[in-house]
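What Swiss-Prot records for HIS78, GLU271 is Zn(2+) 1 binding site, and it gives similarity to another entry as the kind of evidence. Here Swiss-Prot flags HIS115, GLU142, HIS218 as Zn(2+) 2 binding site. Taken from Swiss-Prot, the feature Zn(2+) 3 binding site covers HIS182, ASP231, HIS233. Taken from Swiss-Prot, the feature disulfide bond covers CYS16-CYS20.
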Amino acid sequence: MFGAFVSHRLWSDSGCTTTCIANSIANYVAFGEQIEFPFKSAQVFIAGPRKAVINIQEEDKAELSKMIAKHNLWVVAHGTYLDVPWSSRSAFVTHFIHQELLICKEVGIKGLVLHLGAVEPELIVEGLKKIKPVEEVVIYLETPHNKHHAYKYSTIEQIKELFLRIRNSRLKHIGLCIDTAHIWSSGVNISGYNDAGQWLRSLENIHSVIPPSHIMFHLNDAATECGSGIDRHASLFEGMIWKSYSHKIKHSGLYCFVEYITRHQCPAILERNLGSSMQLQTALTTEFHTLKSLLK
């Protein structure tokens, strides 16, 4: 279920004021049809991203709900960068996250992505316990990017430890968002097919702890070296993870990720936020044509 991040700044019609997210999704769907890659998923912001402010209006909610149903889209919202329930401001933050979850349910958005912190699993679990759950909406914990912290959640061992604690705490509706650029930045080599395969086989070995029905992906190349700790996305086969495989794409680690995503029907989002809509659509056209060749 491949798709992309839909920024209303880059996707909505000029002059749009009240239904910009729904309008962006309409243009995004039309673009997918134009490049002959019908999108199955999308990611949006309904709040923030840098402030704790809901930015979807009532009229937009109604139109977005219709758009999601009409095109049978799997849509996830990305939480704001302040959505850190294990922080010192957790009382305000957890209330705000609950508001985001309620909006997600109202319009048919399947989940909310939160950035994992580089903190101990027990602190993350305690933070999650403070969030009032909303039925049918999954909180996806996104693998972070860091270099020096003990808890990077880029290794299968640490992911397993965290989700065992989540399961033992009887928390429901908690999933995992694997960002390929982040785990690379945290020191996991997923460049070649065998390298990525080893990591993904280890992930399959803990499906009893975190099932694929609760796993999604941010499918990004990276503009920095493995283990840099820096989060800088690049287009597929244009960054330092997979560029060396651009002429032998089925030997790349990306192909192994595509196989896993297809085998388990996981949503996968390309996160691109370039300077103009033309630049963005040009880059995405190339990337989705490449994905189409990997799916053959």
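Using N, Cα and C of the backbone, Cβ positions are placed for all residues, glycine too.
These numbers come from a predicted model, not from an experiment.
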Binding-site residues clustered about GLU271 (Zn(2+) 1 binding site) [Cα within 10 Å; pool: HIS115, GLU142, HIS182, HIS218, ASP231, HIS233]: HIS218, HIS233
The one of HIS115, HIS182, HIS218 whose CB sees the fewest other CB atoms within 10 Å, among these binding-site residues: HIS115
Between GLU142 (Zn(2+) 2 binding site) and HIS182 (Zn(2+) 3 binding site), the C-alpha gap once rounded to whole angstrom: 9
Which of HIS78, HIS233, all binding-site residues, has a Cβ with the fewest other Cβ atoms inside 10 Å: HIS233
Residues within 8 Å of the HIS115, GLU142, HIS218 Cβ centre (excluding the Zn(2+) 2 site residues themselves): HIS78, VAL113, LEU114, LEU116, TYR140, LEU141, THR143, PRO144, CYS177, ASP179, HIS182
Env. residues of Zn(2+) 3 site, Cβ within 8 Å of mean position of HIS182, ASP231, HIS233 Cβ: HIS145, ASP179, ALA181, SER185, HIS218, ASN220, ALA222, ILE230, ARG232, GLU271
Minimum Cα separation from CYS20 (disulfide bond), reported as the residue among binding-site residues HIS78, HIS182, ASP231 that achieves it: HIS78
Mapped DSSP class for HIS233 (Zn(2+) 3 binding site), helix or strand or coil: strand
